[in-house]
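**Q** Pasting in a structure now, in structure tokens, and then I'll have a few things to ask.
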Amino acid sequence: MHFPWDWLCLGVLIISSVTAGMENEENLDADVEVENFDKQSQEADVDREKSSLEVVYQTPKPTGEVYFTETFDEGLSGWVLSVTLKEDMDDNVAKYDGRWEVEELKENAMPGDRGLVLKSVAKYHAISAMLTKAFVFDDKPLIVQYEVNFQKGIDCGGAYIKLLSSSNDLNLEYFFDKTPYTIMFGPDKCGEDYKLHFIFRHKNPKTGEYDEKHAERPDIDLKKIYLDKKTHLYTLVLKPDDTFEILIDQTVVSKGSLLENMIPPVNPSKEIEDPTDKKPDDWDERPKIPDPNAVKPDDWDEDEPAKIEDPDAVKPEGWLDDEPQYVPDPNAKKPKDWDEEMDGEWEAPQIRNAKCETAPGCGEWVRPMKNNPKYKGKWRAPMIDNPNYQGIWSPRKIPNPDYFEDLHPFKMTAVSAIGLELWSMTSDIYFDNFIICSEKEVADRWAADSWGLKKLVASANEPGMFSQLVTAAEEHPWLWVLYILTLALPVGLTVLFCWPGKKSDEYIDFKKPDVSKQITKGKLKEETEEFEDDELEEEKENEDTDEDERREMEETKRDLIKDNTEKMGREASVSEGEGGEDISDEEEENGVPDVEENEVPDGSQEGDRSNKSDSEDEKKEADEGMGDRPLKSVRKRRVRKD
């Protein structure tokens, strides 16, 4: 019985161990989110059990050709604050007077590592810097990469950058929202709208005008990334084959083609609707019309109401017709400052009539309303297919006079400066480690020496699993129920299947000693008394037994008792010679020896049975003989009783 439960218990333990192992592997895999990292950064390991990690920070150095880099470790050298105003706004509001600072991170900071921090709330900020050399969109990819940390989360505001278009009149002191840019890229959020912008301004080759082209939204939940107060790496890769990739923390979150995945499309349609075309007056767009041949039935009564009074309704007994449902509050008092000239005559507030609470209702009784079975409503002719249906009208198509085809939108306007023009309702937005280059390996090495270290330090300082679970439960209290069930289920199963239970009565019955074994005198005495009661009942049932049979049984019993008495006497003599127990007087009188582990009832009980005119017990004991053991006589009595 225990063998299957043991295996089941073992199986539960094995499954628990495997599940725990899988969770550990998932946690470890979740920590490694960085793709295409340089081998040098992959070799950097951290002991998760330590509460903190000591990292020697060194300002990263570019390992290849770059167009711009900035770490802010040396301050704001080369950056220019805007002194202009926004257009079409009041001068006091339009100022770019938002404050910038160079600071370390508030959490998980590394000594010596500093970044640019937006400090003001509800103010316009504008700051920019020239590139080391202008980037020309020719045959090399453009890679733009930088870090952002919303240290206080983000309510409404942006953290995007602009790559300013090259021009002879570009003056960074007058950088504002209308300054021409080629690319705008980065996170933005307001309300519950989380965005990751990639916008480029495309020049119409026919008109020379610029239009903004927006990339399709990435299929990713940006909310967690923007609100987790961690440093994230944003990367834009533009390739000469007119494709693009957007990465967060070196994981691709969006990619596509400049020709196919921009809104509106780069190239306009070849045909457009003729603006001069108008729908004819007789154009019929109705797919269904009322049947003109339909006639209203004679029995159709449009005047029948939808509801009528129920004629079968009866006013309930006890209805109080003279009692209003509401009465003035007798306990209400007119306020002392009540001015009847200004406020009018004072009236006590109305309360529910106490008499109506025990009655079926109060006031005038009105019959309830029910649906009118004769109601059909206003008659309308059934609808049929319109034989004159011509479909939905649309203007005819004509060739688009503004059509053009730009097969290589990658060839955008060259860029010569980078700028941040932002407004935010949240302060302490952290920017760091800008890089503009053409080689992905250079950008990856730059990330490994900067953002990679930040990630390792943040991971080492993260709270343990237990703390994270408690924090999550504080935000979502229903998680406590899930935690309790998760812990109680394996414990309950273990107790249920593995804890030793009490043996059942059936199991105990199977363990009873075999009837062939000898029993003690006391136990035999109890059994004999029990069966004596049964025999008394049996004697009453068998009072009509043949008298001849009774005499025959008595004679047989006397002969057997005599034989047994002689036999027991010899055994008693032998026992006394060997130092055995003495036979009591009552046992000698009745001819019953005191044999160890094979006792029979004492002499007093035997004498009582003799006074009962040789009861059935004595007859059966005589039949079986004392040498055959009392249990055999018990078995014989059961058979006869049945």
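In case you wondered, yes, glycine gets a Cβ from its N, Cα and C as well.
Curation plays no part in TrEMBL annotations; they are all automatic predictions.
What TrEMBL records for this protein is below:
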COMPBIAS  270-289  compositional bias 'Basic and acidic residues'
COMPBIAS  305-315  compositional bias 'Basic and acidic residues'
COMPBIAS  527-547  compositional bias 'Acidic residues'
COMPBIAS  548-570  compositional bias 'Basic and acidic residues'
COMPBIAS  578-600  compositional bias 'Acidic residues'
COMPBIAS  606-631  compositional bias 'Basic and acidic residues'
COMPBIAS  632-642  compositional bias 'Basic residues'
DISULFID  C156-C190  disulfide bond
REGION    260-339  region 'Disordered'
REGION    519-642  region 'Disordered'
SIGNAL    1-20  signal peptide
TRANSMEM  478-499  transmembrane segment
**Q** For C190 (disulfide bond), which residues of its chain lie six or more apart in sequence with Cβ-Cβ distance below 8 Å?
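**A** The list for C190 (disulfide bond) reads C156, G157, given in order along the sequence.
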**Q** Have a look around C156 (disulfide bond) and count the other CB atoms within 10 A of its CB, chains all included.
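**A** Taking all protein chains shown, C156 (disulfide bond) has 14 Cβ neighbours within 10 Å.
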**Q** By DSSP, how many residues in the region 'Disordered' (260-339) are helix, how many strand, and how many coil?
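**A** Across the region 'Disordered' (260-339), DSSP assigns the residues as follows: 0 helix, 15 strand, 65 coil.
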